[in-house]
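For reference, the structure is listed below as structure tokens.
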Amino acid sequence: MTLLEVESVSKSFRGLRAVDDVSFTVEEGSILGIIGPNGAGKTTLFNLVAGALPPDTGSVRLAGTDVTGAKPHRISHAGMARTFQLMKPFGSLSVLENVAVARMAAGASRRRAPAEAADVVDRVGLTRWRDARSEGLPTAGLKRLELARALASRPRVLLLDEVLAGLVPAERTPVMELLETLRRDDGITLVFVEHIMAAVMRLSDSVLVLDQGRVLTSGEPHQVTQDPRVIEAYLGEEPTVAGP
Amino acid sequence: MTRPTTAHGAPAEDGGAVTAADPATDTPVAATGGRAWWRGAVGRTALVLLLAVLAVALAYWRSGSGVVVSQAVVTGILIGGVYGLVAMGLTLIFGVLDIVNFAHGAFLAVALYVTVEMTGRFGVHPYLALLVAVPVMFLLGAAVQRGILSFSIGQPLENQLLITLGLALLIDNLLLLVFGPNPRSVALPGDSGVEILGAVATVSRLLAFGVALVLAALLYLLLQRTRLGTAIRAVAANDTGAQLVGIDTRRIYMLTFAIGTACAGAAGVLVSPLVTIEPTTGELFNIIAFVVVVLGGMGNVVGALVGGLLIGLTEQLGALYLPGQSPLLAVFVVFVLVLFLRPQGLFGSKA
Amino acid sequence: MTATAEREAAAAPLPRPAWGRHLVAVAVLAVVLVPLPLVLPAAQQSVAVRVLVFAILAIGWNVMSGFGGMFSFGHAAYFGLGAYVSVWLLVERGISPWIGMLVGMVVAGAFAALIGFLALRYRLKGAYFALATFAFAEMLRLIAINSDLVNRAVGYNVPLRSEPSWAYMQFEPGSANYFWIALALTVVALVVTILFLRSRQGRFTVAVRDDEDAAAALGIPVMRTKLITIALSGAITSVAGTFYVQYYFFVDPDVAFGNSVSIQAILPAVIGGVATIWGPVIGAAVLGPLNDVTATVLRNPPPALDFLQGRAGLDVVLYALLLILIVLLLPQGVYGAIRDRVQRRRAGRRPA
Amino acid sequence: MRKRWTPALAVALPVVLAACGGSAPPGATGSDEGGGTGDTIVIGSLHPLSGAAAADGQQMDNGAQLAVDAINEAGGIESLGGAQLELASADTQGAPEVGQSEAQRLIQEGAVALVGTYQSAVSQNVAATAERNQVPFVIDVSSADEILQQGYTYTFRLQPSAEVLGQRGAEYLAQVSEAAGAPAQTVAVLHEQGPFGTAITESFRAQAEQLGMTVGEVITYDAANVSDFTTQITTVQESGADVLMVAGYYRDGVLVANAVQTVGPELDAVYGVANGAFDTPQFPGEVGAAGEGVFDANYRLDITNPETQELAELYEQTHGDQMRTAAVLSHEAVRVVADALERAGDTDPAALRDAIAETQLESLMAQSGPIAFTETGENENATPILMQVLDGNVRQVYPEEYAETPPVYPAPPGL
């Protein structure tokens, strides 16, 4: 079943087309990787899909319901969660409270939320930091916190904006494993933006390549990386295989 | 102002868009340049002029007397010049240091008393007090910024607000202690009424207005044409960025506050013949000056002048529309409308 | 770079929110303070009541501006509405101020939400938001001054009753009942604040303050959360206004809506500690008597300072100096500083 | 950042301690001054010693102190064994709640009576406090009619009420202009929008219309913010009024005079009623020629009275400043209390109140008789007189018994 349908969405900022007529669909339980050079419009695309920005044109459908331009909290309630590339913790709250708030926002009662949140915290491997003030976490911790909060809202689709960036290779593997279990055991559909090609190759069922706001190509991971246009777009950008 | 959270790192790959769409976070500073801005500014000026003409026509219709309306317009423009004069220093401070400086009126009062002493003791022409008041206020401003305000940088908005309020209270009451409560006055030799367009105005007001124009021009040149001005604008636009290119932001903060306070000093001397001088006189201008600053766009000295004129006119014509209501009500209505519709100020660029 | 080290340090465990302990502390405070009027002489008792009025005012402000992160410089609007609505009902309609208090809360809360909606709808932030709230409070003042409905600039006197009356909140002068009522209202305001912060809605408020985008993405309705916070803040502050009139017997537009009221709402919270439960109370306890202390010290100065006696304005100078010093040296407020200190201790780190 | 802790604590501690000290029971300060006991009797004086009205407030406090000194020098309160008076001064800062708590403090420290306060809002509060504590309160200055309409029995007022001021103001205008053969016909009014200006205007308008004058244009303004009156004066000029009545305070009064000079409307007179500027000694100096000929109908110290002259001289010697009328009223307020103490021979508040209610005391003010109080506590002989700025001095010009010199009417601006 098609869970997420994005149909020719566009967005301009003062004449600059950040996202230009982008369409794609995501099947339930699949993983879509989105790649593209810096400034390709990936984060803007996420903002359009998750409701942080209204698209100028086009539509977004989640499980058959039109959510184009809906407020972010409505989209969240409809079953879509996201993480932010620039981490946005609730700085004054502890890690556990951060996740508990997310549970409550998804409807859990004040009493049950902490226990349920604790499970999520354990699951993403933040147990050690559970009672730490979140704004003091190191980058790796904040990335996991983003993930934990998004998971706490028990989404059907999870949009991940560079959850691996800023992690050292040793830290990446457990996160990738976690993402795989999310799909396998929880049946969560994943859409993720990532620079680290190894992760894209390993996780994605299919890949969407953006360049200058447009879809350059899409398809199976291996086809896409062979595509000369993709190689050209990335030329001089950064190595196609290793992360920064 | 939100509570301090994590300092966000370098700008996002393409994620700056969300914040860029939010006008209130922009920090425009005196004419950020660019042709588009000019075209926009000209357009807005035309719009403002059109509105002004409409307002005058309406006022005429309400009051039915041409003399009254032309007097209101002349008075409004002249008072507006004074408002602009007072707001100029404030807008610089607001734009660069991001401080809502409630002590601005109190600084102005200090200059008033400097003028009183100069004319009273030495019998000099009041405007000669400029030579003393401006440098003295410059040094006072520098000292206050270094000695007090610099410690509050990075503190939340309400802390800074309370510190400047405390300063105002302190200065007002020191003036009361030193000079006593009796009202003083300064007379401008040869001050008399002059007729303009069927209305009358005093020479002192005309002069204050003229000097306000000159001062605005000087400040504009300072900001646009000097190295210091460039540095000030850079700090206003982005202080971390300015620091990265080697600008000593601490020094710029101090100099800007000093310049702003010196402007209050100049304003104090110029308005001294127009007001009754008491320790609390400066407070009269505080509220209006803030309105003017927001109207003109913070950090924008030319905007402050234009904003001052608009408020002066609003006050005068508003009194004709709403007889029996306080003219300030009209001022606040305009203020709120501008806040809502153009929070970056009428002449602020949209960055 | 020490940034990492600092982060590690800052990530020290936060104490779990101890709502229960806060509630117990409120109860203890109440019990300790109840006998106060029996030992305090009348003049000090009126200072104590003033402290409590300031405290309620600031507790209200703190909900919106501390916990909600929306800086209000116009809380005079809600204080004034609480004062005017209740006194109007009392004088013009003979309705008990207790009912007036409830009506005032509703009116102030609704007005606060309306202002909040407009300001947020147009995305005002920081100083701009503050100036907008200020403008609305001033507009209320100016309208009241010229409105026949509320007696224009003359304001209202609370009619004196021949007999003390609980129903009309009026007792003999210096009656301990005034203190007790103020204390009870303060306690209720504190308890409401604590329960609110503990509730889902309160958690949302803090989350939205810390990061709006993240909160929205997690399914928290940002606008609604903010408006609820603002309305609660306005309602709490209005209670201070209602009580003020019943205690001081008089209100006019300047007393109710003047910007000095807005400042008095901010001061205790900042002095005591913004966004802390106890900050406003502690701040009010420090500030309320401060005025009287500076005045008393200067009325009877130590011999060395005798020459200062009778210099008008000096007490205010001293007050202003102390104010500036406190804000500069304790940017987190008294309570905030103590809390940080304790937390650091607990984390086993001594300050550098 | 963290290093700030220690000094911060060092500062905070004394503040907190001081704060605690403030709310603790009064120590040495209170009981030493001790009220009605022993040989000193404390009278509380509540005035705005700081803030916008500090100039008047300080004068008033000085005036009260001079009265206390004079009475003590003359042997104190004889019926109480020559008991000495002591003035306990408090600064209301012009704020109602400060006025209230200071009043409470003074009462607690044993003040047998209170005098004050200048601002009507503060007086309202102090009156309620005095009433509820049953301590007599003699208002020296505060015009709001409402204060004495609350049925208070412990509050008395020396200055004429707004109602009397407005009425007499209208009568004098009618009489003076008629006598000069140029009866005032159309009066324009410019008044500050507070309770003071509004109340004066209402009673003036009622009386003026009864006397056959027309009150035309009525313009209000906000005294706290106004900075120019040229538009308002132009409106007056266009309305064709022949007299401009002005009710306001000092700063705005000065601005009005200046604007009148600038615009130059054709008026027979600029006529203040209880104006805060027009009859002050500073006014002619501040506005120069613009003040010439300006009238003010206001309560006034009677400079034709030798005793008043004496007091004025004494004041100038002691304080190096010209005495204002407000200072005389505070002086009188203390004298009223002292006189009542003398007659009652008792410091009991109730006895004192009854004695004050029966006061018959010669006044240093221009009054139509001795100080005596009506049922509601108004000074029944309080009256304004008419003054005019002539040759750079404020002169008493009407009614005749107080006139230093006859009025000049018409007195077009810039005479």
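Placement of Cβ uses the backbone N, Cα and C atoms for every residue, glycine included.
No curator has checked TrEMBL annotations; they are predicted automatically.
For B:15-25, the entry in TrEMBL reads compositional bias 'Low complexity'.
The region 'Disordered' annotation in TrEMBL covers B:1-25.
Annotation comment: TrEMBL describes B:41-61 (among others) as transmembrane segment.
Among the features that TrEMBL reports, transmembrane segment is placed at B:67-86 (among others).
Annotation comment: TrEMBL describes B:93-115 (among others) as transmembrane segment.
Sequence annotations record features per position, and here TrEMBL assigns transmembrane segment to B:127-149 (among others).
Summarising the annotation, TrEMBL assigns transmembrane segment to B:161-179 (among others).
According to TrEMBL, the feature transmembrane segment maps to B:199-223 (among others).
The transmembrane segment annotation in TrEMBL covers B:252-275 (among others).
Look at TrEMBL and you will find B:287-313 (among others) tagged as transmembrane segment.
Per TrEMBL, the feature transmembrane segment maps to B:320-341 (among others).
Counting Cβ pairs closer than 8 Å and at least 6 residues apart in sequence, the transmembrane segment (B:161-179) and the transmembrane segment (B:287-313) reach fewer than three and form no contact. Spatially, the transmembrane segment (B:287-313) is not adjacent to the transmembrane segment (B:252-275); fewer than three Cβ-Cβ distances between them are under 8 Å for residues at least 6 apart in sequence. Within the chain carrying the transmembrane segment (B:127-149), a Cβ under 8 angstroms from the stretch's Cβ atoms is held by residues 97, 99, 103, 107, 110-111, 114-115, 118-119, 160, 163-164, 167, 188, 207, 253-255, 257-262, 264-266, 268-270, 272, all 6 or more beyond its ends. The stretch from B:41-61, B:93-115, B:252-275, B:320-341 with the most CB pairs below 8 A to the transmembrane segment (B:199-223) is B:252-275. Contact count against the transmembrane segment (B:93-115) (Cβ pairs under 8 Å) is highest for B:252-275, out of B:41-61, B:67-86, B:252-275, B:320-341.
Residues 31, 69, 72-73, 306, 310, 313, 317, 320-321, 346-347 of the same chain lie 6+ residues outside the transmembrane segment (B:41-61) yet bring a C-beta within less than 8 angstroms of a C-beta in it. Cβ atoms under 8 Å from those of the transmembrane segment (B:320-341) belong to residues 58-59, 62-63, 68-69, 72, 287-288, 291, 294-295, 310-311, 314 of the same chain, restricted to positions at least 6 beyond its ends.
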